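Listed in TrEMBL for this protein:
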{"type": "BINDING", "residues": "Gly74, Val77, Asn81, Asn339, Leu468, Ser472", "note": "Na(+) binding site"}
{"type": "TRANSMEM", "residues": "68-86", "note": "transmembrane segment"}
{"type": "TRANSMEM", "residues": "98-119", "note": "transmembrane segment"}
{"type": "TRANSMEM", "residues": "146-168", "note": "transmembrane segment"}
{"type": "TRANSMEM", "residues": "228-246", "note": "transmembrane segment"}
{"type": "TRANSMEM", "residues": "253-272", "note": "transmembrane segment"}
{"type": "TRANSMEM", "residues": "300-321", "note": "transmembrane segment"}
{"type": "TRANSMEM", "residues": "333-354", "note": "transmembrane segment"}
{"type": "TRANSMEM", "residues": "456-482", "note": "transmembrane segment"}
{"type": "TRANSMEM", "residues": "494-513", "note": "transmembrane segment"}
{"type": "TRANSMEM", "residues": "525-546", "note": "transmembrane segment"}
{"type": "TRANSMEM", "residues": "567-592", "note": "transmembrane segment"}
{"type": "TRANSMEM", "residues": "612-637", "note": "transmembrane segment"}
Amino acid sequence: MPKTSKVVQREQSHEHVTESVADLLAHEEPLDYKSSSLNVGAAAGKKIPQIEVPESDGRPAWNSKLQYILAQVGFSVGLGNVWRFPYLCQKNGGGAYLVPYFILLIIIGIPLFFLELAVGQKIRRGSIGVWNYVCPRLGGIGMSSLMVCGFVGLYYNVIIGWSIFYFFQSFQFPLPWSDCPIRKNGTIAIVEPECDKSSATTYFWYRQTLNTTSTIAESGGLNIKMTLSLLVAWIIVCLAVIKGIASSGKVMYFSSLFPYVVLFCFLVRGLMLKGSVDGIAHMFTPKLEKMLEPQIWREAATQVFFALGLGFGGVIAFSSYNKIDNNCHFDAVLVSFINFFTSILATLVVFAVLGFKANIMNEKCVAENGEKILGYLNSNVLSHDLIPPHVNFSHLTPSDYADVYSIIRTVKEDGFAQLGLEPCVLEDELNKAVQGTGLAFIAFTEAMTHFPASPFWSVMFFFMLINLGLGSMIGTMTGITTPVLDAYKVQKELFTVGCCIVAFLCGLLFVQRSGNYFVTMFDDYSAGLPLTVVVILENVSVAWIYGTKRFMQDLEDMLGFRPSIIYFYLWKYVSPLCLIVLISATVIEMAISPPGYNAWVQDLAQERFQSYPPWALAMCFALIVVAMLPLPIVFIARHFNLMSDGSNKLSVSYRKTMMKDISNLEEQDEARFILGAKPGDTPLSGVARKPYVTPAGNKSVDPNSLSPNVCYGTSYQNAAIKSK
């Protein structure tokens, strides 16, 4: 068929066309191609008007690039950077852990983060709308993201509530967790036994804050203090997101930047504390043999995965408010490295404080055991000849105690155990791995009781935790509200308030006396496996179904430059393979690890591992199933045409892209392109589009090679053809 211009085609055509494709796509209301009937009865040769599509479709936009970057940083930098990354660094070989983490950040984190930013910015919709466009049969990806956001938001705000409670308790001197309470029994005053067996900070956390029960089966009723704290937390979150990015963007200026101020203050103060250098040296002393263990790579991959907030939908939602030509590649690299360096900064602070705490505890151990030895010397259980002349028990140093301990252990080899002496080694204190709530609400609070002006530092620390949690919660709530507001015309403020009220009511599960155990359950089961499945499906739908070459071409059109070829191979092969290995490792770990939780046993004043009862075990697996259920349901429903594929809800920016492509047609008229009922009449392969260049640069990919109703690139064409 000889090439002819569009003008010649129109003159030779015997069909009457009243509207061009540009007209149809530029309608203010989304056009449902499957249900529309196109009018072809007008006079021939009518000039087709050129419609200018407005730059904005009424969708909110960020006031500035800085506001957007701070929002992404606030979402990705959260509580996990402060209390999980340092724990993993300590557990997995100190500085040796940073190597696999950095490698996996490069080959998994940045590429997948870039992918989510790009699809959100290109299609300008939340997670549900984006994946309906990219691959309708995998549209359940967005719904699963929304479900996971809901589960995570329920318990994550409880942690903010705990921080709010500690924040208000910090306005006291001395701090209420600095000493054990005294119980009076008549004229005799004794230390609270539960506190005496544990510590003042541990007792304050488990008994006075949570007032926790000994098992998950014992509800114990609502904890009024925690219920009020949760209510305050949800009010703050609601006010922050009620106006969408118009309000949350302004909040991010403070909530994203303030934690860095506090971390730097803590780092400077921590380095001035005795023993802080010991903690930092312990952190960066690499145990290189650890790098050969698969476990360290699995945990590093998991941390990279969750640190950037992949799969939650918040990343896509935030980027959907960007301009279409925003350099999202720069954003992905910038935010990823800010997240990484924030984790390093937080780890330095944590280990400086833990080094100080370890020295305090070691000195306390030396003093207590020194008194024991002195008692044994006075009662002639031990001979004075065993004590070196330079040892002074009134100022017993750790090194002197180590010498005395070694001598006594050698001489009293048979009866040494009866003496009850402890080694008091600083390294043992530093090796006590503490993570999660134990780090923030027990270890850190205990260290701060020894700080000069301890209430000030406590107020600053918990205010920082509130801001870190708030930044992540804003992203989580945006991941819930944006897809729904895109799909349904509901009032933003009313819907946001309704979500917060429902979430608070559901969150009452976590503020009963056994609520801490449910927080652990949701943290372990509601996000891990479902999110990993969501992200690998995101990767596969773009790289293998839509096509990496087409996606690279889209990026070039959108950004004005072609991203590095490295991304082609990472998206196509490396990232999916790594994610499959991660999913396999997660499933294996869940299979071999007995499901359970650490319960606080009041009589023993200790934590003990307990298995979940059958109903709780069923609840654990229900969280996984419910989060992933939309994936097969949507796939089956759309495979058998039981559900609309969402192709009638085009964003203005995407309509503009389609119009740009169609305006460049040189082989056939726009109307024939849309109205051709049979491939033989108007072959779709004749559409002239920009070639999708392979990495080698010498091949082009047929843009219509994908099957109909699979990806948004062809589903709209096919839908229009069927409508006739």
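Using N, Cα and C of the backbone, Cβ positions are placed for all residues, glycine too.
TrEMBL labels come from automatic prediction, so no person has curated them.
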Candidates 68-86, 253-272, 300-321, 333-354, 612-637; stretch with most C-beta pairs under 8 Å toward the transmembrane segment (98-119): 300-321
Most Cβ neighbours inside 10 Å, all chains, among the binding-site residues Val77, Leu468: Leu468
Chain-internal residues near Gly74 (Na(+) binding site), provided their CB is under 8 angstroms and they sit 6+ positions away: Met252, Ser255, Ser256, Leu470, Gly471, Ser472, Ile474, Gly475
Contact set, same chain, for the transmembrane segment (300-321): CB under 8 Å, 6 or more residues outside the stretch: 59-62, 68, 71-72, 75-76, 80-81, 84-85, 88, 92, 97, 100-101, 104-105, 108-109, 112-113, 116-121, 123-127, 130, 142, 145-146, 148-149, 152, 245, 328, 331, 335-336, 339, 343, 472, 475-476, 478-483, 527-528, 531-532, 534-535, 538, 578, 582, 586
Site of maximum Cβ density within 10 Å, from binding-site residues Asn81, Asn339, Ser472: Ser472
Environment of Gly74, Val77, Asn81, Asn339, Leu468, Ser472, the listed Na(+) site - residues of the same chain whose CB lies within 8 A of the CB centroid: Val73, Phe75, Ser76, Gly78, Leu79, Gly80, Ser256, Pro259, Thr342, Gly471
Contact call for the transmembrane segment (525-546) against the transmembrane segment (146-168), three or more Cβ pairs under 8 Å: yes
Recorded stretch, among 68-86, 333-354, 494-513, maximising Cβ pairs under 8 Å relative to the transmembrane segment (253-272): 333-354
Cβ pairs under 8 Å between the transmembrane segment (494-513) and the transmembrane segment (612-637), at least three: no
Chain residues in Cβ proximity to the transmembrane segment (68-86) (below 8 Å; excluding those fewer than six residues from its ends, i.e. six or more beyond): 62, 159, 245, 248-249, 252-253, 255-257, 259, 283, 303, 306-309, 314-315, 318-319, 321-322, 331, 334-335, 338-339, 342-343, 346-347, 350-351, 435-437, 439-440, 465, 468-472, 474-476
Distant-in-sequence neighbours of the transmembrane segment (456-482), which means Cβ under 8 A and at least six residues beyond its ends: 71-79, 81-82, 125-127, 145-146, 149-150, 152-153, 156-157, 159-160, 163-164, 166-167, 170-171, 175, 236-237, 240-241, 244-245, 248, 251-252, 254-256, 258-259, 262-263, 265-266, 269, 309, 312-318, 320, 440, 444-445, 448, 492, 495-496, 499
Residue numbers, six or more beyond the limits of the transmembrane segment (146-168), whose CB comes under 8 Å of its CB atoms: 79, 127-128, 209, 225-226, 229-230, 232-234, 236-237, 311-314, 437, 440-441, 445, 458-459, 462-463, 465-466, 469-470, 472-473, 476-477, 479-480, 483-484, 503, 506-507, 509-511, 515, 518-519, 522-523, 526-527, 530-531, 534, 623, 626-627, 629-630
